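K.L.:
Shown below is the structure under consideration.
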């Protein structure tokens, strides 16, 4: 969130939390209200402008894929504008206009990126074509972003912009963007594209479900370590080159271990009739659970301050445990009731069903816009002493 010194340096009045100690709780409730309301308006399979006129299951799948693709690319654009380029050039404008302009830019760029991949690249490569029945081309374009989430979250969060941390901006920002694009390309070529291309799919080196589960579990490690643990354990390594190598090794290795742990958790909380279905893929489902944990870690890191009444180790351990438990509870609530009854996803059976990877990322975008684009100023007021 924007600090007092940052606001003052831009000529803004000193600001304080609008609701005192209750501000984080008020912010979370407000974010959920905006998230659900905007979902009903735009993304809901039954109520929204997009979903209300669906006639066939194929059309429903296609529209869901379009919503997912646009959402993922809008998030990707916010990662670019908010993190890679440090809110430039929007930070030159006073809030709340600064945040509003950034939100509009993210949406426009996300839509353009979706069109570029599905109508542009898809014109030459049918893997990404917008005309494929069921929206598979949009899904393929969306999965590019999944790899991008990892690359562009890892660079600023886990390794502090390595190897450009000592380079002056904007050169450092451009360098970090290019490195992220390089890492994303490697991931897409090895993990994503072979699974969606009709000729390569039978011999894909890693199955799509494993690729998705491992990648998102690694994202969970990046976010939890960055938001809650201040990048322990690799932060203590003095040499920046060794620290970066250690970070990448721990994140990828830890991501695989986390995927296995989440699979075990899913074995306990997913009903037998779901696990026994031929369409159930435990590796892919770890991404659905992982995004719930990642969202809770972002909320804890961006909206809530750690306790000062406990030791650093105790505070970090407690926050991490609470975040993981909250993420599991959110997954269960979404899949057993909220996903079907409130968000109107198709039911697998009765009231069981949902798509956390879609809706929780929808909520994550609102969290990021509030905390990064608007700098948290929507939950602050001018100090009465100023």
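Glycine residues also receive a Cβ, built from the backbone N, Cα and C atoms like all the rest.
Take a look at what TrEMBL says about it:
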TRANSMEM  21-42  transmembrane segment
TRANSMEM  62-85  transmembrane segment
TRANSMEM  97-118  transmembrane segment
TRANSMEM  138-162  transmembrane segment
TRANSMEM  174-193  transmembrane segment
TRANSMEM  213-233  transmembrane segment
TRANSMEM  245-274  transmembrane segment
TRANSMEM  286-305  transmembrane segment
TRANSMEM  317-339  transmembrane segment
TRANSMEM  359-380  transmembrane segment
K.L.:
Could you tell me whether the transmembrane segment (138-162) and the transmembrane segment (359-380) are in contact, taking contact to mean 3+ Cβ pairs under 8 Å with a sequence separation of 6 or more?
P.N.:
no
K.L.:
Looking only at residues six or more beyond either end of the transmembrane segment (245-274), which have a C-beta under 8 A from one in the stretch?
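P.N.:
That would be 154, 158-159, 213-215, 217-222, 225, 231, 233-234, 237, 280, 282-283, 285-286, 289-290, 328, 331-332, 335, 348-349, 352.
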K.L.:
Does the transmembrane segment (317-339) reach the transmembrane segment (138-162) with at least 3 CB pairs under 8 A, where each pair is 6 or more residues apart?
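P.N.:
Contact between the transmembrane segment (138-162) and the transmembrane segment (317-339): absent, because fewer than 3 Cβ pairs are under 8 Å.
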K.L.:
With an 8 Å cut-off on Cβ pairs and a sequence gap of 6 or more, do the transmembrane segment (21-42) and the transmembrane segment (213-233) reach 3 or more such pairs?
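P.N.:
Since fewer than 3 Cβ pairs under 8 Å link them, the transmembrane segment (21-42) and the transmembrane segment (213-233) do not come into contact.
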K.L.:
Please figure out which one of 62-85, 97-118, 174-193 racks up the most CB pairs under 8 Å against the transmembrane segment (138-162).
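P.N.:
Looking only at 62-85, 97-118, 174-193, the most contacts with the transmembrane segment (138-162) come from 62-85.
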K.L.:
Taking the transmembrane segment (174-193) as the reference, which of 62-85, 97-118, 213-233 gives the largest number of Cβ pairs under 8 angstroms?
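P.N.:
It is 62-85, which has the most Cβ pairs under 8 Å.
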K.L.:
Would you mind listing the long-range same-chain contacts of the transmembrane segment (213-233), meaning Cβ under 8 Å and 6+ residues beyond its ends?
P.N.:
146-147, 149-150, 153-154, 157-158, 187, 191, 206, 247, 250-252, 254-256, 258-259, 262-263, 282-287, 290-291, 293-294, 297-298, 300-302, 316, 319-320, 323, 357
